Amino acid sequence: MSSSSSWVTTYTCSAAGVGSSGISGSGAAGWVGFVLLSPCPQRLILSAVNVVFLAAVALFGVRRVWRTRFASGRPAAEISRPLISGKRFAVRTNALFKATLAAAAAVAVFSIVLSVLGFVRSGEFPWEAAEGLCWLFLGVAHAVVAGLVAHEKRFRAAEHPLVLRIFWSAEFVVLALFFVSGVARLTSGEESVSLLKLDDVSAIAVFLLSGVLLIPAIKGSTGIQLIENSDAAAAVVVDLNGTAQPRSKLDNVTGFSSASIVSKAFWMWMNPLLKKGYRSPLSIADVPSVSPEHNAERLSQQFLERWPKPEEKSRYPIVRTLIRCFWKQFAFTAGLAVLRLCVMYVGPTMIQRFVDYTSGKRTSPYEGYYLVGTLMAAKFVEIVSSHHFNFHTQKLGMLIRSTLITSLYKKGLRLSSSARQAHGVGQIVNYMAVDSQQVADMMLQLHNMWLMPLQSIVAFTILYQYLGTSTLSAMLGVVAVVAFVFATTNKSNFFQFNIMMSRDARMKATNEMLNYMRVIKFQAWEEHFNRRIQSIRETEFGWLSKFSYTLAANFVIMWSTPSIISTFTFGSAVILGSPLSVGTVFTTTSLLKMLQEPLRTFPQAIISFSQALISLERLDRYMTSRELADNWIERFQGCEGDTAVEVTQGSFGWEDDSGEATVKQLNFRIRKGQLAAVVGTVGSGKSSLLAAILGEMKKLSGKVKVCGSTAYVAQTAWIQNGTIRENILFGLPFYQDRYAKAVKVCSLEKDLEMMESGDQTEIGERGINLSGGQKQRIQLARAVYQDCDIYLLDDVFSAVDAHTGSDIFKECVRGALGGKTVILVTHQVDFLHNVDQILVMREGIIVQSGKYNELLNSGLDFKALVTAHESSMELVETGARNDESDAAAPTTSRQRSFKNPGEENGENGLQEGSEPNKGGKSSKLIKDEERATGNVGLNLYKIYSTESFGWWGVLGFLFLSLAWQGSLMSADYWLSYETSAKAARSYNASRFIGVYGLIALVALLILVARCILVAVMSLKTAQSFFRQILHCILHAPMAFFDTTPSGRILTRASSDQANVDFIIPLYMGLVVAMFITLLSVIIMTCQYAWPTFILLIPLAWINVWARGYYLRTSRELSRLDSITKAPVIHHFSESISGVMTIRSFRKQHTFCDENVRRVNANIRMDFHSNGANEWLGVRLELLGSLILCISAMFMIILPSSIIQPGFRV
């Protein structure tokens, strides 16, 4: 063998040749290289993997036969019975199963054919005998695999066996070595390896098929589903990895769930939705639901099942659970990142080969075609893997967010009262809205933490081959840039923290303003609140300015990094005497530009990771908080005897960690059908007594027995945002008689008659359009309609006048609930004559118990309460007589001016000046959020761009952008000219570096001016828009606030304003920069590679068409995502506020289902929006890569007189 031989081209099977005979490498490294890259050891390894797999299958087969024949007490028929039986099921296979079976069968057939060819040629070439044996083992192994996969369908297996998944993974790794070695041999052009050409091409084909088999190896799923046969019209689809559900529910499931491998690879499953969105604006119903395996309820159940057990004593339970749930997705995205890294540097490393080829330095007449083919394959793999990496990391973040939101919601319904108070409603909502989003966003940056060092190592290794020790200057430059970015990122993080603090203060003031807007309007305090909020905004704006200028400095450094580091690197190369050619120069600049992105994302990944850790700590504290214990209360349904509620030696406290009792020494028994009243002074523990019966307080001692279902009416009414009927039904079906009775006994008939839409009238946020008495009577009607066994009423008469209260007591408490057990907390002594039992409380203890006359004659606490009540009533009557003459019309008129004509008994009505409902038509008080459709008008861009400095600012920005891009083009022109053969005679190193450094300095100064101008314009525009939105809010009529939820207004002042502050200027600057860069590329292409200009015309048309086709759907998905996100937050906040009522009615499951429904509605928008983005991106990039390869082909076939070598890169 010659000294140029390598492991890739040697036929030797002896390790003794390593380090000698010209084979490169020595020692352990040489031995490893020989084993991994030499053809003979590769085939031995592949054969060993196949033989081990066949032996394992044979062993399992023998074991199966042994059990079938000799298992005691178990007939063979039972053992051979399918795994799932008992019902008639039809087996259904999806594209994954079909692709797996087809790939295995294809490899088997292909390998056996190659094996036969190898044995036939073995007489002429002895090497082919070993080759044929290797292919034979591979063919037999995959024939067995195909049989196993087909057998899985018969036995309805849910997952592939572990041994099969290990085999597929190991085989993929070994065949990857075949692929690398084969490509190297095919591109080398050496005649000594011509014998392996057929084998190399075959190995590459088998490697691609093994990539298909790697997918089921990672996922584990077989792709087999069952359809239950029944007489019902709709079949039931049973997923072996999930739950059975009617096919009707799966009719509008996303195409991703049943798409083929090819469809998923190129997002073809998005075509129906994009087509529908292109024809007409999408509605929420048009967007398909997510796959069953991505359903929020299923993910939450999986999260709960894999939550660490108490004995594991996990410090970070959420992290551990997420890893257990999503480790496959983590591994898959990491594999995509590595695959992308392996091929992304192929392009820069081939620049020198292209330059050498066009200059006449060729090793083979077909080398050019090999180079173009390799470039095309590498770009194809890079584009597909890159977009799948983005899509699957975004999908992983989406799944984690939906899992956390649903799990946090379920936890919120189980929290103990002290834990809920410790976290606070607002903080719990922040856990869902902010912290879960922080953890999800971290998924996009997680892999950058280890990819950046790996990318840098690969880039510097390649640079070292071209520049030698001059690479050290580039490394030092990169280290300096990373240090600078870390420093500025820490500052930015500090500024952003202060921005968030100032924004919290501003949003708190804005929320207070919205809550008391009616008072502000009456008192004409608009200007006062305008100045107050503006002063808070000024503080926020100061921090925002510092953040924007720091961000501008980051952009300056990151965008000028390639030219600055290139200057120092080329200078070092000149000083050290390293030769600079066209290929070397452009390879260096290409590699440094590729490092630009990881250098920018690495510090951000570190910051995002630290922020996610903080959020995870907060979520850990919340998820490990105390919960209510079910064993505190003994609940029975349909129990015998006459006892409804019994408490024996009961002591209860609100604090989980404190042994102090709020109510104690409770001993009472209430019989079924009794009306019991609980009385006492303020703070005596009456409401706590009801909470103890409901199990809302921690039981310190004693025993509580509750027989039957419970209904609870809180002292402070909890009303949902919905219609009056929905609030009364509370999830139950509508029954006319039962509903009419509940409305009547709660004195709601006259109120509903005077409301414009009757019981279909929508209740505003927190019942803002109802009086206190109306809210109290609606929640009382809700309890009556539920038809429970035991009713706990907490001072239901406090918000109504005496006449209405008397009617409710007579018609509802004593009438409709006459046969029920009722425990009534009240201060109305007049009703106590008609109760069966009175409990008198003082300082958390029941001091008296009995009937009215018994307690009154005792002369203790109860008599003091009655005496105090009679004294207060005498004072009221005396005052009424003195003011009798003042009950004149003017006063009444002033009062009525603020009240509804339907107002009853002094209670505020629903809508001011509304007419009675004559037509019975439905009317929504809370209007649906409006959304724009179609294109974003140019007028909006004009308003934003000219808000700060008018058209002069726009012109200045465009001029600086063009000048900056012109300076970058000048640098490329200078590099190409100085390294060309024409300028070789007059080459002057000092002049070369001096001019290049001067151009880089000019570009740097222009970039500084551009970034400062963008920062100033964006800050001035943001402040102007804020003043306008604040002015509009303060001067809007009250009707606007009655029909618009405060959450919607707060969204405009918070997240939308944040987009104006940060996101819009960032993306507008990037879009303009990319557009001008595109123009520069077109100019250079037309100037130096004019034949490719012909291709730019159809390319431009396709880009414009694809952009328009995509944008119509993408815009609507983004709008729908924003619209469906607010209901999730609103429902979460509403549920946490009324959790005691929800738990008392045992409605947790209903509310959890509603939360899941809203989360699923939101994530399907996010999922399809990400899919649409990647659909467009992969097509445009593949099209661009195709044009690139065609251009490269022109460089190959056209003479150098048409395209100069210096511009072929």
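Placement of Cβ uses the backbone N, Cα and C atoms for every residue, glycine included.
Owing to the predicted nature of the structure, the values given are computational and were not obtained by experimental measurement.
Sequence annotations record features per position, and here TrEMBL assigns domain 'ABC transmembrane type-1' to 331-611, 955-1198. Among the features that TrEMBL reports, domain 'ABC transporter' is placed at 645-868. What TrEMBL lists as region 'Disordered' is 876-926. Per TrEMBL, the feature transmembrane segment maps to 44-62, 95-120, 132-150, 201-218, 330-348, 473-490, 541-559, 949-975, 995-1019, 1062-1083, 1089-1110, 1182-1203 (among others).
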Okay, the transmembrane segment (132-150) and the transmembrane segment (44-62): do they have at least three CB pairs under 8 Å, pairs separated by 6 or more? yes
Of 95-120, 132-150, 1062-1083, whichever stretch has the most CB pairs under 8 A to the transmembrane segment (201-218): 95-120
Note: vs the transmembrane segment (1062-1083), the recorded stretch with the largest number of Cβ pairs under 8 Å from 95-120, 132-150, 949-975 is 949-975
Remote residues contacting the transmembrane segment (132-150) - C-beta distance under 8 A, at least 6 residues beyond either end: 43, 46-47, 50-51, 53-54, 57, 97, 100-101, 104-105, 107-112, 114-119, 122, 160-161, 164, 167, 202, 206, 222
Restricting to the same chain and to residues at least six past its boundaries, which positions have a Cβ under 8 Å from a Cβ of the transmembrane segment (949-975)? 563, 585-586, 589, 992, 995-996, 999-1000, 1002-1003, 1006-1007, 1009-1010, 1013-1014, 1017, 1020, 1072-1073, 1076-1077, 1079-1080, 1083-1084
Would you mind giving the whole-number mean pLDDT across the domain 'ABC transporter' (645-868)? 87
